[in-house]
Amino acid sequence: MHFSLPTSRIVVVVPAAAICIVCVLIETCTAARSHVYTIPLRKGKETSFAETVGEPVRTNQVNVSVEEQKNNIRGRPGLGYYIEVDIGTPPQKLNVLIDTGSSNFAVAASSHNAISTYYRRNESSTYEDQGTYVKVPYTQGEWSGDLGQDLVQIASLGNQSFQANIAAITESKMFFLNDSRWQGILGLGYAEIARPDSSVEPFFDSLTSQTSIQDIFALQMCGALASTNDTNLGSSADGPVEEVIGSMNIGGLDASLYHGTMQYAPLRDEWFYEVIMTDIRVGNDSLGLDCKEYNFDKTIVDSGTTNLRLPVRVFEAITNAIKAHTTKHMPDVPSEFWTGMNLMCPTDSTSPYEPYHWFPTLTLDLQSTNQGQAFSLVVSPQQYLRRDYDHEDKKNCFKFAIAPSTNHAGAVIGAVIMEGFYVVFDRENKRVGFARSTCPGACEKTGTCVGNSPLITEAFNIDFDASDCGYDRSTSYDPALTITAYVLAAICLVCLIPVIVFALTHQINKRCKGRRGRGVVNHHRLDQEGLAENEPNSDP
């Protein structure tokens, strides 16, 4: 599942040719530098983060402690985590996918064979149609519908409602998933990536602007690490599937949901939750790539994407390194396993958990908010080897949860990585926090833990500027913009040709007239001189 938006930041480069038409109108065409236009960002308030830990969530109507927001999200392996919301008057209960990789709040508004219920806007007395069509394509799937507004309540926040923008989905393709149990998507990103444009206020912005809830939320997703069920793993239309749980804390943190110290990565920009990755290690060995490659063209934290996705070159490097660690113990792993096209199923003679022992830990180093430092997320094999069930052969199998990014989508720290940690989206202070999760560890019960992973290290010094690892999107190449530039250049050339012809004609005519004038004068002088020579000499 991959529901983050596929687009990079929109950066429009207007070459000098594009302004030539204006130059013609003012009779002068001058060579000009290219100009870069970006959408300005909205800056949040600077507040003390410590005040939010364990504090009651203050709203217009009720006080809700973050400790009361435990186990309020559910999910299915590979199908995402969802939270219950009430929409409209009278309230209609729906489950919505929690997605930090997009910014639209959208729910099904018509029947679909993959969902059991949908939003009936005509039955809500508080629904307001905005008269705007919206379409959102994802890397996987898309939906379209009508933009409107209605009252929304989050069940775990108590009797608290606010007005939110809602897209009523009327058409979709590869979006709703069988057995997922959710009927919509809750985009928690920033306004800059909202569709159809940034004027659509996102859900969390509406929540914090209409209440006194602080601009922060946290996710604890207890998926792979808490899973102990040996059968019916993953999704299937053939029968019941395993359900996983978690917590979404809105307005503060619950200190009982994490161990140790929280480490923070600064938000590079406010669109996706973009951070900077400084290195990747397999076991104890660095991939040794230029750090810019890890972040081409961005690195985001996205709960709506299942896998760890990496730029193609990085994916190839990490896959080769993992293969080198596992080949000695597991030489028969099918090649299609590494591309996600096939499952790896242990033989009858091996423990269903044995592969965890032969696969290495992964370490993702992230830029720290401490100047000149980074910190590490140590990822267990139990996170990136997703358990699945082969219903045909009745076997417990594994799926490789690392995949290459498509269409320059960059690196995506998806759900399989987030499931090992308590992840804080501190929008007020423009940072993302990570701490070790208190989710019950299934590996401890089954004896499949590898080292102490997953874990998070203290911040450590680095001898380079981590900001230099970020990808410079101002140089991004956009074929559509390039074609537009060429078209404008052609129009400019067509407009300039008459001007050039006119200028040349004018200069030629001017010179010709000058030459004719000088020719008459010179001829007259010659005639006068000739007459003087022919006159008789009057001197004696």
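Just so it is clear, glycine is given a Cβ too, placed from its N, Cα and C backbone atoms.
Just so it is clear, the model here is predicted, and its values are computed rather than measured.
Cβ contacts within 10 Å of Asp99 (active site), excluding its own Cβ and spanning all protein chains shown: 27. What Swiss-Prot records for Asp99 (among others) is active site, and it gives sequence analysis as the kind of evidence.
When secondary structure is read from DSSP and collapsed to three states, Asp302 (active site) falls in the coil class. In the structure as shown, the Cβ atom of Asp302 (active site) sits within 10 Å of 28 other Cβ atoms. According to Swiss-Prot, the active site annotation covers Asp302 (among others), on the basis of a curator's inference.
Marked as disulfide bond by Swiss-Prot: Cys222-Cys439 (among others). The local packing around Cys222 (disulfide bond), expressed as other Cβ atoms within 10 Å of its Cβ over all shown chains, amounts to 24. Cys222 (disulfide bond) carries a strand DSSP state (E or B).
Residues annotated as disulfide bond in Swiss-Prot, with similarity to another entry given as evidence: Cys291-Cys469 (among others). Counting only residues at least six positions away in the same chain, the Cβ atoms of Ile276, Met277, Thr278, Cys291, Lys292, Tyr294, Asn295, Gln367 sit under 8 Å from the Cβ of Cys469 (disulfide bond).
For Cys345-Cys397 (among others), the entry in Swiss-Prot reads disulfide bond, with the evidence type similarity to another entry. Taking a C-beta cut-off of under 8 Å and a sequence gap of six or more, Cys345 (disulfide bond) has these contacts in its own chain: Asp390, Asp393, Lys395, Asn396, Cys397, Phe398.
Feature annotation from Swiss-Prot assigns domain 'Peptidase A1' to 81-435.
If you look up Swiss-Prot, you'll see 1-31 marked as signal peptide.
Within the model, the topological domain 'Cytoplasmic' (504-540) shows a mean pLDDT value of 55, rounded to a whole number. Marked as topological domain 'Cytoplasmic' by Swiss-Prot on the basis of sequence analysis: 504-540.
Between the disulfide-bonded residues Cys291, Cys439, Cys439 has the most other Cβ atoms inside 10 Å of its own Cβ, all protein chains included. Cys439 (disulfide bond) carries neither a helix nor a strand DSSP state and counts as coil. When the Cα atoms are compared, Asp99 (active site) and Asp302 (active site) turn out to be 7 Å apart. Separating the Cα atoms of Asp302 (active site) and Cys439 (disulfide bond) is a whole-number distance of 19 Å. Under the three-state DSSP scheme, Cys345 (disulfide bond) falls in the coil class.
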